[in-house]
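Presented below is the structure to which this report refers.
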Amino acid sequence: MALSQGLLTFRDVAIEFSQEEWKCLDPAQRTLYRDVMLENYRNLVSLDISSKCMMKEFSSTAQGNTEVIHTGTLQRHERHHIGDFCFQEMEKDIHDFEFQWKEDERNSHEAPMTEIKQLTGSTNRHDQRHAGNKPIKDQLGSSFHSHLPELHMFQTEGKIGNQVEKSINSASLVSTSQRISCRPKTHISKNYGNNFLNSSLLTQKQEVHMREKSFQCNESGKAFNYSSVLRKHQIIHLGAKQYKCDVCGKVFNQKRYLACHRRCHTGKKPYKCNDCGKTFSQELTLTCHHRLHTGEKHYKCSECGKTFSRNSALVIHKAIHTGEKSYKCNECGKTFSQTSYLVYHRRLHTGEKPYKCEECDKAFSFKSNLERHRKIHTGEKPYKCNECSRTFSRKSSLTRHRRLHTGEKPYKCNDCGKTFSQMSSLVYHRRLHTGEKPYKCEECDEAFSFKSNLERHRRIHTGEKPYKCNDCGKTFSQTSSLVYHRRLHTGEKPYKCEECDEAFSFKSNLERHRIIHTGEKLYKCNECGKTFSRKSSLTRHCRLHTGEKPYQCNECGKAFRGQSALIYHQAIHGIGKLYKCNDCHQVFSNATTIANHWRIHNEERSYKCNRCGKFFRHRSYLAVHWRTHSGEKPYKCEECDEAFSFKSNLQRHRRIHTGEKPYRCNECGKTFSRKSYLTCHRRLHTGEKPYKCNECGKTFGRNSALIIHKAIHTGEKPYKCNECGKAFSQKSSLTCHLRLHTGEKPYKCEECDKVFSRKSSLEKHRRIHTGEKPYKCKVCDKAFGRDSHLAQHTRIHTGEKPYKCNECGKNFRHNSALVIHKAIHSGEKPYKCNECGKTFRHNSALEIHKAIHTGEKPYKCSECGKVFNRKANLSRHHRLHTGEKPYKCNKCGKVFNQQAHLACHHRIHTGEKPYKCNECGKTFRHNSVLVIHKTIHTGEKPYKCNECGKVFNRKAKLARHHRIHTGKKH
């Protein structure tokens, strides 16, 4: 039995939107609309694909090359040849409509319907027979015309070559009475036939009779299949938008568009999901939502294979692979991969907050934020933890909470290796390394690393305390303060010590308690070196040095260092009620605080050390203290069996074996195993020297250096060498000295195998290989490998000469120069040359002298090839090539290439003549002049002419004499 086909147009399955309604749709809804329309289109075409197919041919006309679309009828038995081709042509036809509509939209911004005239006729391709010549888009119905423009919205915008497709006069070729008649063959598959039987889209007729376009527009001449479509079309010419919204005044050209728009105001959501009961205002949104339940994901990424339920989600995902960010903010230049992201971002600049809460009138920039906020009023918490049954209002909060049970910390800091359970915690943590403080208070310009800290800080200025205790009515500026306060009423103590099982209400109390077990005092005063176990104790102590008094009386303006002192003072003015402790005389403003304070004294009397009589608040404190008497060391290292009294000491020790150095310097990248080492190291960059000597005022970067320095003033040297009797102020100095006797050199360089008796000497030596010069002069930017060299160099700029000769009162920049100078007064020359017996005051002078005998000159000038026996001589020689003169006279500004020349020059200004002749008492500025002068008394003439044997007392006279033999005048 043959199946008959009924009349079906694209209108029967189409969903229509006006341009106004179309603009209200977000990108995801538009993508879904496009997908549904295309799917309906394909379904309709597939039902009649073999009998109606559009094929394009290009033919030359009188007007030039024009694209002509021919439609015809193919026999069912030819379907396997052209099926795919036909469908591709139909899809291309869609794009023709899309581009045409785009141009019309640019030119007129009017109606979404566009007319494209098609030239229809017969073609003999594949020897097909034609039963009619109407284009398939006419066969599908005029509704299809009005929807093709919407399909264009998801095409990439670009320039269209031809603004408007030229119409072709085809009136003579097309008859309005033509019909398309298709009789399908009986060899259709059984399954396909069943689909036809079950489809509600088909009627029991054998032929499809497409309606004539009998309704024509008088203005444009355009014809339509239905009168209703004609009426909608005529609105374009009238320019009328007859349906107006009573709420916002927006007008629409069709009543159903207005009905759809009104749901924005009424909140009506007539489309309900049968699976979860969720409702939607549009059918398209419901269709998209259904895919969440079915799990349908037919959009696949060709790059990574990931699938998506929406095409819009796939488009967004593809931007990850391409890295494309085509949407740019005109305000700040930031780019985005999606236009919606740009829209959201612009609200940061405009301050727009279009989403308002009906309960409290609070406004939000994003709809998602409003939805989360609404749960505060409703109390809805749909997300439940399977472990502890705790509920949450957000799924992300539940995900973060689950990590408390699993211990998962997927976010790792690249700087120190610390891991975090939340990405936000890692972002905040990174600011500790970078020092970034992006949040600034407008009132006082104080900056903060975290936004929450800024918000809490602002309440200082506003005095706002929005968090109230339901038990006692007390208000707080922070929710955390309220949570802590409630524990006073509930007695909850969630923080427990692993060592002694003591519990605490607050984590900070537990942290302070742990210090009892470790004995650690992390907080150190930079002024006097005193250490404290609590930061608050250090803060109070520092006020002794700074003189800061932050607690001020509002009545008289008097300021105090401590809050208790202010409370006690305010009693004079009759402000508040004072509670005084009879044991320590400390005062408190309320009974609760003093009650907590009394426990300290009561507990102090509970636990006493039988050995030394010391009292402790807790038994655990006493247990830790007892180790100082018993020598007990319960914490043992598994690697080397070394034992420790405190767990923290063991943890620090383990880093020796693991090599872990979690503390990194942001300036130079150097890492350290302890935070205290990093703190000391940073002072090299900052130049900070917080430790000051009370005797001479000299400052130091480390407390240990100050202690060593103080021994200079006291003269105390308790450490004595048993070999030679030499005494030292430090034990480490004695240890290093003993290696002179034993010859031990335990520190070896891996580069050159050179060995050293001190580790510091090895570290300094390594810089020769690495070229590292970490110590930089702030005045001239010159860098040095040793801090001592920088200190010596700095004296050139400051003119400081701290080393004074007790004999003549002369000052020197370097101690070595003073030692050399003292030999002048003593006449001592302990260093003797084995070759010639000549003696020298300094070992360096002897080494230089030895080069005369060996002839060795290892230092060569790369410019001229001249060789020198001393590196210093080569450095001075280099300045002849470079012209560098780093030594400047502070009096007249004259510059010199050698420091010795500057020193000699200074004597011109000072009139100093330190070199005196012992024979006649005459004085000289330069030693060389004195040496020449002495030859007058001795008669010595050491300079002999090789030509004639004549002798001279000065080298310059010999040089002049040589010219007589050579004949040179200069």
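In case you wondered, yes, glycine gets a Cβ from its N, Cα and C as well.
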Among Lys23, Lys205, Lys871, Lys950, residue with annotation SUMO2 cross-link (source: Swiss-Prot): Lys205
Given ranges 24-46, 691-713, the stretch to which Swiss-Prot attaches the annotation zinc finger: 691-713
Sequence-remote partners of the zinc finger (607-629) [C-beta within less than 8 Å, at least six residues beyond its ends]: 497, 499-500, 502, 513, 516-517, 519, 600, 645-646
For the zinc finger (859-881), sequence-distant contacts whose Cβ falls under 8 Å of one of its Cβ atoms, 6 or more beyond its ends: 848, 851-852, 897-898
Residues of the parent chain within Cβ reach of the zinc finger (411-433), under 8 Å, 6 or more residues beyond its termini: 400, 403-404, 449-450, 662-664, 666
Residue distribution over DSSP helix, strand and coil in the zinc finger (831-853): 11 helix, 4 strand, 8 coil
